[in-house]
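> Let me begin by handing over the structure; questions about it come next.
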C-alpha cells in the first residue's frame, strides 16, 4: 500500500482538522436541556400554615411588552433626554425603572429565551441565533396561552420561530436586514391604532429593530439615534394614552425593555458595559409604585420572567432561575402575596437544584431555603397574635430570606448545570494533537511521500483496533458516557466509525513518518536557520503559547502588531548593514576590499535565506559552460547582496520606513481589544456626523490611490476602466446609504439605499476576475501580452534536490518559452484576483476602513517591489510572513475576539431582502477580508518567486507545500487552545473571553482550509500543463 503524494496527506490532514474541531465544538457547547413539561397552577407548593394553593390573584389583566432591540440603559435612564414622555411618567410615580444586567451572549435569540423562560441560555445560541428553532422548554408565552390568554405579536420574526402557533395575530419582520431602520419599525407601529382599540387580546408583544440596525450601521453616537429614541417615546405615549381609556379590571400594564445593549462601536455580542446593561421600565396609568428611583442592586434580565409571571398571576416556568422583583409589584399588593410569590419562586428553583446537586439536604443554598420556609411558617402563625407593625417588620425579613435563598440557589445551579461531553472533548483534542504531530513529521521529512510504503503488519492494526473498541465500550458504560460518541443514532454511529478510522490511520502514519525522520536525523545535510527564519518561526510559536493567558487573548491584536513591526524592523537592519559596510570599506588595498567583502557576506548570511543546493550549483555550472557568462544569473544570497547598489539599498530602507509608518497609522485607525477600547481613534473621529465631509474626501482620495497604484497590474484598457467603474460604484453605494456626501448633481440618478450601486460594483468585480482569468494556467489558447523581463524574483533556487533542469540559459531568457509563460500566467492570475479582492474590501468594509484598504495595499506593493526581491525569502518564510500580516490586518479593521465587533451590516450589501447564505458569506468575507487579501498575495508572491529552471515542478511542489505549511500553522494554535479552554471551562472568563475566541479560531481555520483546497486545485491544474 502506498501514499502516492503529499497532496493526499494534505487532504487527509485537512479533513481531520475540520472533523476534530467540529467534534470539539459540539461537545464543548452542548445545547442545555432543562426540566421537561410545563408548570400547572395546581402543582405549586401550598402556603405554610394556611395551606393556600395556587398563585395569588394577578395585578394586571392586560399586558403590552415592548422590546426595543439594542436599547442601552443610558439611552433612556441616563442624562440624555431623548425619551421625555417616558421619563416624565417615571418622575410622576406612574412607573418604576430598573437597570438590569444581561448574561452572555448578548445577541437576540438567547436574550428572548432569558426574558421568556428565566433560564440562562448556552453559548451555542450564538449560532442558533441565525436559525432559531422552536422553544420547547416551559416559558412565559406558553404559560399565557395555557391560562387562556389571547396573544398578538408584531416585530422581530425570531419570536415567531421560537413560539409557533402561539399568537392569534402576528406580523414578523426580518431582524438581519440591518440596512433598513425605518420600514422595519413602521411595519410594527402601523398595527397599533387598530390593536389598541380592540378588546379581543390580552397580551401584545412588540419588538422594534430600528435602533439596533442604526447601531450596526453607524454606532451609538450617530445623529440617527436621538430621532429613533423620540420615535420610540412617541409609541410609548400612544400606548399609554390608549391604556388610560381601558376599563379592564384588574388594570393594564406596559413593560419596556431592551433585549441587549450596544457597544461603543455599534455591535453587540460581547461583555462591555454598553452591551450588558439594559433598562426595564414598568408603566401603568392605574397603579402607583413604591419608589421612583431607578433600581440597580443585583437585578438580572432573567428576573423579568418571574416578575411578569407574578404580575399576571401565572406559575413560574419550570427552568426559571430569576427572582421576583418585589419593587415591580404595585404599591397596593398585600405583603402576604409578595411573600407568597417569593415562596413559589424559591420552591420552583429548589426543584431544579435537586436535579443538579447530590446530597441536597447538605447543600448550603438549599439549607438557606429551608430556613426561609421555616421563618415564613412562623410568621404566618403570628398573623393574628401580633401588631401590624411588628408583623410587617417580620414579613420584610421573610422577604429578604427568600430573596437570599433564591439568589444562592440560582448561582449554585448556574455553576453545576453546564455539562461537558468530556469523552468527545478528549477524543477531539487527541486527534488535533496527533494531527499536529503528523504534519510536523511530514514537514521535517525530506523524502518524497510517494516512496512511503505502509509495511506495518496487520496484526498491529487489529490489536490497536481491539484496544480502542475495549476502551470505547468501557467509557460508554461508565459515568463518562457521551451522547455523540455512545448513542446508537445514525449520526453517532457515523462519528464512531470515523473516530476508529482516524485513530488507526494516525497511528500508522505517525509511526511511518517518525521512523523516516529518525532515519534521516543523522545525515547532517540540514542548514542552520537564519535570523529571519528564527524570527518568523518564533513568532508563530510564541503566539500559540500566548493563548494560554486570558489577557493575551483579550489583547491579541497587540501581539500581531508587535510581530509585524518587529519583523519589518529586523528586515530594515539588512540594507542598513550593507550601506554601513560599504561606507566604511577602504578602497586603497585589495586586502581591505577582501575584508569588507567578507564582512558583507557574513552580514548577508545573517538576514538572507540560503536555499541553494548541490543540484543548483550543477545547474549554474552548466549554464556557465554553455554561455561563458554568469552576469545574468545571480542566485545565492551573498552574490545578490554584493550586487545590491547603494540606490537599491536606499530604496529598500525608504520602503521599510514607509511600511513601518503605515503600520503605525493602521494601529491607531481602529482601537480594539478590551483595555483600550474606549480610547478615541481615527475611525471614531471620522464617523462623527459633523465630519462626514472629511470622511468623504479621504475615501475619494483612497479610491483614487488604489486606482493609480494598481494600474500596472491590470490587463489593458478594459481592465483599467472596469476597475475605475467598480470604485465609482462603491463610492455611490456608500454615499446613497447616507455614510458619505453625495454630489447633488447626481442625486436624481442613484437609488435610495445603495443596493443597485453595490450590485453594479459586484458586476465590475466579476469583470475584473474575467480579465484576470485569461492568465489562468489552464488557458492555453489566448494570446498573452508580451511579458516583462522578470527581474523581481525574490526566491530563485529550486526547492527539490532531485529536480533536473531541462531549460537552457537561452530558454531562461526567452520570455515566450512555455516555462516562463506558466509563471507569467500565474502572476497575472493572482494579480487580477488581488485587485478584485481589494475591490470587494472597499465595497464590504465600513466607509472609514476604505482608507485602511488603500494603506494595506501600499504596504503590500512596497513589500513586493522593494523588499522581497532583495531579501529572497523561501516559500516557507513567505507563508509565515503572509499569515502574520493577514492576522495583523484582521485587527487593523477593528476586529477583536469579541462577537460585538462582527459587522452584520456588511452581510446586507447589495441585498433588498433576507438571504441567509449570502449574508453569512459576505459577513465572513468582510470579517476576514485582510486574511483573504494576504493569502491571495501569498499565491502572487509564489508565482513571482518561481525559478526559471524546472518551473512546472517547482510550482506544483510549492503549491502543495503552501497547503502543508498553512495547515501546520493552524494545527499548533488549535491544539494548544482546545487544551486551554478545556482546563479553563469553569473559569470566570470562559464565556466572555475564551469561548468567543474559540469560535474565531474555528472560522479562521475554515478560511485557511479553503485556501488549502485552492492550493491543491492549483497544483492539479499546473500538473496538467505539458511543456514541450
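Here the Cβ of each residue, glycine as well, is placed from N, Cα and C on the backbone.
TrEMBL lists these features:
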- 7-25: transmembrane segment (TRANSMEM)
- 420-438: transmembrane segment (TRANSMEM)
- 450-473: transmembrane segment (TRANSMEM)
- 493-518: transmembrane segment (TRANSMEM)
- 530-548: transmembrane segment (TRANSMEM)
- 866-1001: domain 'GPI ethanolamine phosphate transferase 2 C-terminal' (DOMAIN)
- 914-936: transmembrane segment (TRANSMEM)
- 974-994: transmembrane segment (TRANSMEM)
- 1000-1018: transmembrane segment (TRANSMEM)
> Among 7-25, 420-438, 493-518, 974-994, which stretch has the most Cβ pairs under 8 Å to the transmembrane segment (530-548)?
974-994
> With Cβ-Cβ distances below 8 Å as the criterion, list the same-chain residues six or more beyond the ends of the transmembrane segment (1000-1018) that contact it, or say none.
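Same-chain contacts beyond the ends: 7, 10-11, 14, 17-18, 21, 25, 777, 897, 924, 927-928, 931-932, 935, 939, 959-960, 962-963, 966-967, 969-970, 973-974, 977.
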> As a test: from 420-438, 493-518, 914-936, pick the stretch that has the greatest number of Cβ pairs under 8 Å with the transmembrane segment (974-994).
420-438
> Please count the residues of the domain 'GPI ethanolamine phosphate transferase 2 C-terminal' (866-1001) that DSSP assigns to helix (H, G, I), strand (E, B) and coil.
105 helix, 0 strand, 31 coil
